[in-house]
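Q: Sharing a structure with you now.
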Amino acid sequence: MNASHTEFIESYIDQSNNYSKTKQFDKTVQNNGIHMKQQSIFRYLVLFLSIWIIIPSFYCFDQPVAIYKTLQSLFQEDSTINFDLYFASLYIIYAFGNAFLPLLTGGMRDCYGDRIIMTYIVAIMILGQLTFTIGVYFKSFLLMIFGRLLLGWGIESLLPLWSSFLAPFFKNSISIVLSILQLFSQIGLVLSIYLTPIIQKNYNLMISLLSGVAFILIGYILLCLGFLIDEKLENENYLSSYRQLQPSSDIILTEDAKIINKLYFFKFKDIKIFPQMFWLLLAFNSVFYCSIVTLVNVSMYIMASVLFDINNQIEELDIALFWMLGCLSLFIIGPLVQYFTYRRYLIIVSVIIIIIGHIQYLTSPHIGLIILAIGYCLSFVCTWSAIIYIIKLKSFGKAFGLTVGFQNLIFVSMPFLLDIVNRNIMGTFKVLISFSLFALILAIQILVEDIRCFNILDNKLAPMQFKKINNASNEDNNNETDLFAEYLENPQ
């Protein structure tokens, strides 16, 4: 065994011996850091600077729909290509790749933190959009599909990372922040469908696609300014926390802490101890998502069939605008979810709303679309904010990675289910209603579990209720166990 190996082993043993001290230090840093960020007057500035990366992300997401007719004319001369199948694959591969890639990103986030991984993700988004643009230029569907895969990885990973980045600043008002996130994502979709054809008409197709890259770069520059504020707050907190634990020392073992964190966090063993409520929320979110987003994807066909003759044209912009009208309810939904403090009931209400929306859609698609958007926004804010409350900060990456991945995994199967029912209106309606009813069953299970756990979904009531039980238990059994912490730590 050479000297370098011996030095490495001795270093590793020293790290293991100091692990408990480092773990205590990390816990103190995390608790003090969250408190400092929540009290900082700069947190609203961080929110303002970071939100602008969301719009260009979704601007790029729906650009293929915005240039559908142009792409169709480009590839109509190639008789070997089934254009509709290849065009659908631009979205199918987007969902399929994101059944697995966000979990990888989440694990990396738990190792290295939000800022550095968000930077990598933005680079992947830019690379994906550039690859898609080159594919369009050379009429290569293979490059276009690969570009969509990279872009999808970036977008679907950015949302969880953005949520976890802002969570320490707004943990007591995270529902309002998630409402802003959802609203800005919808603004990006509408701008994509509206601006892309205008830019293409005034300039050319390549400029219209490259505009997405330009918008992402502008959003990232603003995001970096938010990173600087976040880093400054963390450095101040790190110094004060270390001196709190080690008053006589001026040395901060930053690198040692980072090495131990990487050795610990890159293992996915913490997934095994996620509470049962998380898995219920994950299943509910996936089923609910498929019921809504699948309908939006086939809305053009259904609206044309219901409102007009099948040959009449329905513009994607019409669908986006009516969906956006429903999303304006987020101005009410965010504060409602935050201050009503009973997410378990609001989750059930969201399912009832989408069932009504599906039924209304058969007779009045525009009104049905607005109702469905309201239900979707309510569900999104309730479930994502609840996950932030029941999962520890160090595991946010894996938790959100699983949530995004599982919903995309189920969503990939939806086109095949619709093919089984021949994509007719009533067949599609039955499939989506079935998913909605399944979501209702899961929502009732969430209700039962939340009652059993004394309102764990709302964060504020749960520790207080568990404390009462702990006190009663301590009087009888002289036991110091924290039942709320035990629920979060132990598998159900």
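Backbone N, Cα and C atoms are what each Cβ position is placed from, and that goes for glycine too.
In case it helps, TrEMBL gives these features for our protein:
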type: TRANSMEM; residues: 41-62; note: transmembrane segment
type: TRANSMEM; residues: 83-104; note: transmembrane segment
type: TRANSMEM; residues: 116-138; note: transmembrane segment
type: TRANSMEM; residues: 176-195; note: transmembrane segment
type: TRANSMEM; residues: 207-229; note: transmembrane segment
type: TRANSMEM; residues: 277-308; note: transmembrane segment
type: TRANSMEM; residues: 320-339; note: transmembrane segment
type: TRANSMEM; residues: 345-362; note: transmembrane segment
type: TRANSMEM; residues: 369-391; note: transmembrane segment
type: TRANSMEM; residues: 397-417; note: transmembrane segment
type: TRANSMEM; residues: 429-448; note: transmembrane segment
Q: Taking contact to mean three or more C-beta pairs under 8 angstroms, with sequence separation of 6 or more, is the transmembrane segment (176-195) in contact with the transmembrane segment (369-391)?
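A: Yes; at least 3 Cβ pairs under 8 Å.
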Q: Using a cut-off of under 8 Å between C-beta atoms, tell me which stretch among 83-104, 207-229, 345-362, 369-391 contacts the transmembrane segment (320-339) the most.
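A: Answer, by Cβ pair count: 369-391.
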Q: Counting Cβ pairs under 8 Å that are 6 or more apart in sequence, does the total for the transmembrane segment (397-417) and the transmembrane segment (83-104) reach three or more?
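A: In contact, yes.
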Q: Excluding the flanking five residues on each side, which residues at least 6 beyond the ends of the transmembrane segment (116-138) place their CB within less than 8 Å of a CB in that stretch?
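A: For the transmembrane segment (116-138), the sequence-distant neighbours (Cβ-Cβ under 8 Å, at least 6 residues beyond its ends) are 53, 57, 60, 71, 74, 105, 108-109, 144-155, 157-158, 161-162, 165, 205-206, 209-210, 212-213, 216-217, 220, 223, 397.
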Q: Near the transmembrane segment (429-448), which residues from the same chain, at least 6 beyond its ends, have a CB less than 8 A from one of its CBs?
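A: Answer is 277, 280-281, 283-284, 287-288, 290-291, 294-295, 344-345, 347-348, 350-352, 354-355, 358, 361-362, 414, 417-418, 421, 457.
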